[in-house]
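Feature annotations, reproduced from TrEMBL:
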type	residues	note
TRANSMEM	31-53	transmembrane segment
TRANSMEM	74-92	transmembrane segment
DOMAIN	94-165	domain 'DUF1736'
TRANSMEM	159-179	transmembrane segment
TRANSMEM	185-205	transmembrane segment
TRANSMEM	236-255	transmembrane segment
REPEAT	282-315	repeat 'TPR'
REPEAT	399-432	repeat 'TPR'
REPEAT	433-466	repeat 'TPR'
């Protein structure tokens, strides 16, 4: 998700908000500071000060050599970055990923909780590099509670992190000014992590172990340099202690690797192991429920889905999972209650006002699932139609809502409205043979057989082996042939 991080400039949205300001809230001051830090890594402080002084005094026939080198490096980096961004845009089909406030709660929290949490996450990621014991496949939602106050004891971890980093950059540079490997290790640890640090723009996760892969290389390099520095002291006792520590490190990390390999064997084992670390993450409870659903253990899956709603009561997806499972268990009353709870958590349409809401696309299915449940009752077909219209009002290009509404309208005997719904769906997906077939059926209901045959032909041009189209098209052609014969006999008579 590093590429996703680089493109996810827009912060996780609130349930309803007006769109104001720039679409990409990038902090340019932070970018300039980042460039200055990068420049310091490329040059020694003396070279930088000397060059700036010469430029101010007007000395030198032209730009210094280091400036030409740095400019070339920047040009190569910009071109490579632009190429990666273009590839990523093609992969995601020119659409930014949709993040909700559950993905990164700190992104929609007010100051100072946002800044305190972001800084605490730096120490948490560093701890995962140092002691990867509590590993989890998902760190979103309530996995890391927000740091709401400066009196939160977790702020001590943030202070310790910055003290250690300052000692590595400042104090250690004075004691070992000629050691270049340490700065390279620090750069390899810090720079790859910056896009995922929420420093320039909010990202779509709280903690992601996968973004620590590249920083771990710099961390291992720094560990090796530290080992070399200690070994240079030529102390037998220290060497024995280091050897014991290294053997202990290999043994513990080897065992942890075996345990994690066991955890990753199946979805069920992976998510149950994650629940041992993060019990406040509703997504993990939902994922265990999905794994049990795949095993047809619907009763046990329901327990996990219900627990997810208790952990995160405002999680739309969790309530949808509860409703779907109740429906599978033929408990329609409980299913409808769960769907209605999920629907109540969706952004509400305000008549006469235009709002921009960030909604996860799969959450819109709550309208379709609730409508599908209640349309089984013939007396509630109009209520189901209103749900479809609400879904379309939420998203004008919601193809499945037009399809489902077309089926319902045809069932209600409103063929002309069903025709309009299917035509809209076809405009959104012209290469769908099923849509052309459904539209042909509507034309048959309207006694427009020639038009129906034309749409059958369109469906066959897309999918020549479509069985329903072949069968109904043959029947329709037979009826048209019989009618033409009867018309001919009548004219002769």
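Just so you know, glycine gets a Cβ as well, placed from its N, Cα and C.
It should be emphasised that the depicted structure is a prediction, and the values quoted were computed from it without experimental measurement.
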The repeat 'TPR' (433-466) [mean pLDDT, rounded to integer]: 90
Tertiary contacts of the repeat 'TPR' (433-466), as residues 6+ beyond its ends and Cβ separation under 8 Å: 403, 406-407, 410, 415-416, 418-419, 422-423, 425-426, 472-473, 476-477, 479-480
Secondary structure composition of the domain 'DUF1736' (94-165) [DSSP: H/G/I, E/B, coil]: 33 helix, 1 strand, 38 coil
